[in-house]
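Asker: Quick one: the structure is below, questions incoming.
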């Protein structure tokens, strides 16, 4: 990028007559300030030595510079307002920040500094994603976008509606993972992706997090940023790989196995603890007050209340409760999907116990089916109070549970949801690491139709409640004939 201009660290409050050559490393979506109605937009600028500074646009300047300061492009910038960052933001934004306004001089330079920019990225391999699950640590990924699911609306526990949309990414080993885009990313990036999906775009994402939602998935954060088909050598290499393997990729898109409700292939690569010290004793989470915590627990589970509903009717798009009959197509009031389909989902209230105590917990979807050794359709058609002959109601041996603490209405104590159930007899611990090697995960169990693959990790998350809607009798008769 040349040495005749000042570097970022040469510019401080009071410096005059400076010009810095920078590349736009990150460009975030505009936001509204928490303590005022002012709209602002942050950018990360990088000089030739890799040093960065946060630059901010406010109000009408966001629109004025909309076609300037493009992501990945190089500019000469001078006369920006330079000031010290507020103490509470220094850890994240750095000591100094720039404000760009109409007085700021900006000139585009036709240089390709993509290699410098990409050298600052440290990509997380899809196989390593489980290491970051529910940690909120930043990760960066690269993958080919092969599908995008319909936009949906979700409601937070505070009643706020948020729009989300899921992308399907594939890597060069044909592993797939869902990337959930939130809010402004739906309006911007997802809109562009929908319009260009056939091009098999290459996405580079930064400041993302890994969650246990739907088995294992990636999600955006407030400061996430993306390059889509950026002008980088590794993007061209990825596109070349895609062209060479286009037949395999097209077949994946056609069959859409990645959109089934079963956990992704990557879920079976979770680093499950095997050392006793790495498990949480139940006595330590009884009466827990702080939600959004996750625990590995080793113990047994059993159904204490037999007379409960072991399924509910749900929307196939958002998993929320539905009042429709099985198979009906309807507009979902929760996710706003206009052609949602009503399908049954398994659920069970159980008691989880270890030698130190017990907690009540809920399992929904795949972990519920695994525990009950049945599936949602069979459970829907069961009319009698269950017995040990019709489904599993208790465990004879210890198994491993991944549990999430959730805020409970009308109570200060948390409730618990089981996200994964792992059979320890199917894994072999590594004495050096205390972790279960992923390659020792056992063979899938098979309860559903022969075309459905099931993993030893059974996961699904939602906040569904019990559906008391009676299913249509004719539908039941048809279902029984087909069994």
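One-based numbering along the chain as shown.
Glycine is treated like the rest: Cβ placed from N, Cα and C.
What TrEMBL records for this protein is below:
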DOMAIN    4-99  domain 'Replication protein A 70 kDa DNA-binding subunit B/D first OB fold'
DOMAIN    133-228  domain 'Replication protein A OB'
REGION    449-483  region 'Disordered'
COMPBIAS  473-483  compositional bias 'Basic and acidic residues'
Asker: Over the domain 'Replication protein A 70 kDa DNA-binding subunit B/D first OB fold' (4-99), what does the predicted model average in pLDDT?
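Answerer: Averaging the confidence scores along the domain 'Replication protein A 70 kDa DNA-binding subunit B/D first OB fold' (4-99) gives 87.
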Asker: Reported in the order helix, strand, coil, what are the DSSP residue counts of the domain 'Replication protein A OB' (133-228)?
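Answerer: Looking at the domain 'Replication protein A OB' (133-228) with DSSP, the answer is 15 helix, 54 strand, 27 coil.
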Asker: Looking only at the domain 'Replication protein A 70 kDa DNA-binding subunit B/D first OB fold' (4-99), what are its DSSP counts of helix, strand and coil residues?
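Answerer: For the domain 'Replication protein A 70 kDa DNA-binding subunit B/D first OB fold' (4-99), the helix, strand and coil counts are 15 helix, 40 strand, 41 coil.
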